[in-house]
């Protein structure tokens, strides 16, 4: 019985036993019930574009401002890192009241205002508005098909002209579901954190809940002299979008722009828990399914063949070797070549062993963070309604998994060195290696964002917050993990290491070519899902198929382990005992192909990306992603290869 079904079976019993007990909810999206005529205000996020990766504040343009002034909403760590800046807006709606309202008329546009408005319109910037935590949605028709978008454009220029028109009239359609407030206990989740839903609250739940938010934007020129005499929220004649070009509002110097809007409430049968389905609906779902299944089957087929052949070869070698007596084994060791001849060198300390321990420790930390995050997201704990929760959860998990990184890295270092002297330096390197590189890249990118006056730039206060989290949580936990690693028993080698290293036979081709080529097989499990992830990040799409991502992650870990073990065995068979780094990069080389694919995506799929600044930002973030993949996949390959080599030479008793 699954945990969900168990809860559903126990719920009626618990309600009978504890009829007066309040229910709690987990972080998610708390539903709000509105009464007839209740005033609600929309909020606005940063202006974003698919042509440039520089978000800007909504009020950086001459838009209408709220009567009570601009107020920023509380933002979590993930929202700040993503460049979100959520402000209140003057757009007010009264539940179930259809009306056409006037907002404001701007001052005369200056040359600078016109320049900025045209630039933002040319770069396809859009307004990201939300109501009751739902992003506004619009539909456009292209080639006979309706395409769904979130947000609406600032302005536009008709094909074949250089004249820009501003979107100054919005026709909203708000879908509501009516609830009668029946006496049913409701257990739900909320983005505000832990909270309570009492029986008294439940009795007052009759009313309307917002389940959809759509907009039809258009440009409409009005007489600013007449409208400027009106007060905000005075009623006006409705406008039916779209309108003719001749009646649109151009962006010109010395013009005054009037902003208006219509709102229509529509009753809907959509229940509140299903209101996000329209946003998470995937286009081309069949193609997605077929592509994923095709990759899964191909990778499993190839990996199973390689692994079966490999197991048969090793088992045959071991069985043949163990059937001989000691004298015959000694004679056979002199006559045969292969992995049996490197018995005295296979556990020789590799070059840059400290760096290897540091990278393995960081890889454990990143891999643990990825696995736990994706599992929780697949189980539904990372709601898309809670913006920034996914990134915030990843950061928190990374900080606390420092204890695992320190333990694995220091214990591996003790195994290689045979002692505990200097473990604090290793733990410090583990705590600073990946975060330090990422922080350096983000700092450089942040200077670029600061120079562009983008809301994507991290404020100085957030920089100090991240530094405090790093040195007050991650570093101490890594040192604690390192201390625990010194208390754990080092892994004993099954064979002794010779004092003089064995000479490695010359090869016709460099062994690193085989290592780099090995990354193509893990990349085959990843590249399709990588396309959807890049699309969601850079083209503003919602990504919520974490079930697929979890399957792909498990396949990736499996294939990385198999490929690394096979490559390690092949190197040992040609008497190459330097397997440590090669086993790491055999699976870690997938990061190279991920970065090259990201460059390919930039050139061919993000052709509209304008300007060197956006390209630098894209490549900087892609470099951090590739480094994280290198450390995590390389760690999987190394640890599995180490286990395999240890088992292989433990199976043959050699004096």
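Cβ atoms are placed via backbone N, Cα and C, with glycine included.
Pulled from TrEMBL, these are the features on record:
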- 1-23: signal peptide (SIGNAL)
- 289-311: transmembrane segment (TRANSMEM)
- 355-382: transmembrane segment (TRANSMEM)
- 388-414: transmembrane segment (TRANSMEM)
- 426-450: transmembrane segment (TRANSMEM)
- 462-484: transmembrane segment (TRANSMEM)
- 512-539: transmembrane segment (TRANSMEM)
- 545-572: transmembrane segment (TRANSMEM)
- 584-604: transmembrane segment (TRANSMEM)
- 616-649: transmembrane segment (TRANSMEM)
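If you look at the transmembrane segment (512-539), the same-chain residues 6 or more away from its ends with a CB under 8 A from one of its CBs are 50, 53, 288, 291-292, 295-296, 298-299, 302-303, 545, 548-549, 552, 555-556, 559-560, 563-564, 567, 570, 582, 585-594, 597-598, 601, 605-606, 609, 618, 633. As a quick check, the transmembrane segment (616-649) and the transmembrane segment (462-484) miss the bar of 3 or more Cβ pairs under 8 A, pairs 6 or more apart, so the two do not touch. Across 355-382, 462-484, 545-572, 584-604, stretch 355-382 shows the highest tally of CB pairs under 8 A with the transmembrane segment (388-414).
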